[in-house]
Amino acid sequence: MPRDADGGTHPVTTCKGAKMSEQDSAAGHLHRLVLFSDAVFAIAITLLAIEIHPPHHWDGISDLFAKMGVKLGAYAISFAVVGIYWISHRRIFQRLRAANGVLDVLNFIVLGLVALLPLGTELLWEQHAGQALPVYVGLVALIGVAIAVLWSYAAFIGDLTHPTPRPEAIYIALRVALLPGMMCALSFISLVYPWGWAVMAGIIAGLHLLNKRIARTAQIKTA
């Protein structure tokens with residue numbers, strides 16, 4: 001330790017070093033958690049494709065796609081779901097500055113639900129796809145709620161986020177919790193009723209305008 005004028009020692013340097021070490025450890029914890037999560041999302045997408053098998057008997061390209069249309073449609077929707085959730089997950093974690101054990105547990109719950117999406121997708125193209133649809137949409141909605149719980153803990157309880165205005169943090173939680181399940185349900189509705197696409201387009205446009213307004217408000221407050 002450095003000595004003062006009287007020959008004594010003081011722990012300033014040691015305390016600073018310990019604080020920097022804790023910050024580095026927290027950053028490393030968060031980084032490892034992101035890498036692990038990315039791997040789970042990648043595996044989930046891979047399993048979606050692995051579960052697709054060609055029919056035993058098919059005659060020409062048109063017959064092939066006619067027999068595999070349901071599987072390919074379910075795959076496309078699930079691929080989009082996993083991709084959107086991966087982007088959402090990355091954006092949430094970009095707002096975090098640290099991680100702890102509770103965040104680990106909440107993130108494992110999110111990843112566990114994401115890992116069930118290949119099973120939900122397989123249910124969609126079974127004979128009882130109509131009965132499986134509520135199960136699939138419910139799973140997608142549950143993932144959104146789980147991510148919202150993770151974000152809410154990090155923002156309001158765990159103090160793990162970078163400085164974020166409280167209204168913006170609440171908006172993020174509500175958007176993540178409600179939007180995915182709603183959009184997934186509308187995607188399936190749109191396959192039967194074309195007006196579903198118009199509703200989704202309206203929601204996306206409204207969210208875009210709301211995001212710009214929130215960003216503008218945040219810039220004014222920080223100016």
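Yeah, the Cβs are placed from backbone N, Cα and C, and that goes for glycine too.
Residues or ranges marked as transmembrane segment in TrEMBL: 33-52 (among others).
According to TrEMBL, the transmembrane segment annotation covers 72-89 (among others).
For 101-121 (among others), the entry in TrEMBL reads transmembrane segment.
Long-range contacts of the transmembrane segment (133-157) within its own chain (CB-CB distance under 8 A, at least 6 residues past either end) are made by residues 81, 85, 88-89, 92, 95-96, 102-103, 106-107, 109-110, 113-114, 116-117, 120-121, 123-124, 164, 169, 172-174, 176-182, 184-185, 188. Residues or ranges marked as transmembrane segment by TrEMBL: 133-157 (among others).
According to TrEMBL, the feature transmembrane segment maps to 169-189 (among others).
Residues 171, 175, 179, 182-183, 186-187, 189 of the same chain lie 6 or more positions beyond the ends of the transmembrane segment (195-211) yet place their CB under 8 Å from a CB of it. Residues or ranges marked as transmembrane segment by TrEMBL: 195-211 (among others).
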So which residues does the transmembrane segment (33-52) touch in its own chain, when a touch means Cβ under 8 Å and the partner is 6 or more beyond its ends?
68, 71-72, 75, 78-79, 82-83, 85-86, 89-90, 93, 99, 103-104, 107, 110-111, 114-115, 117-118, 121-122
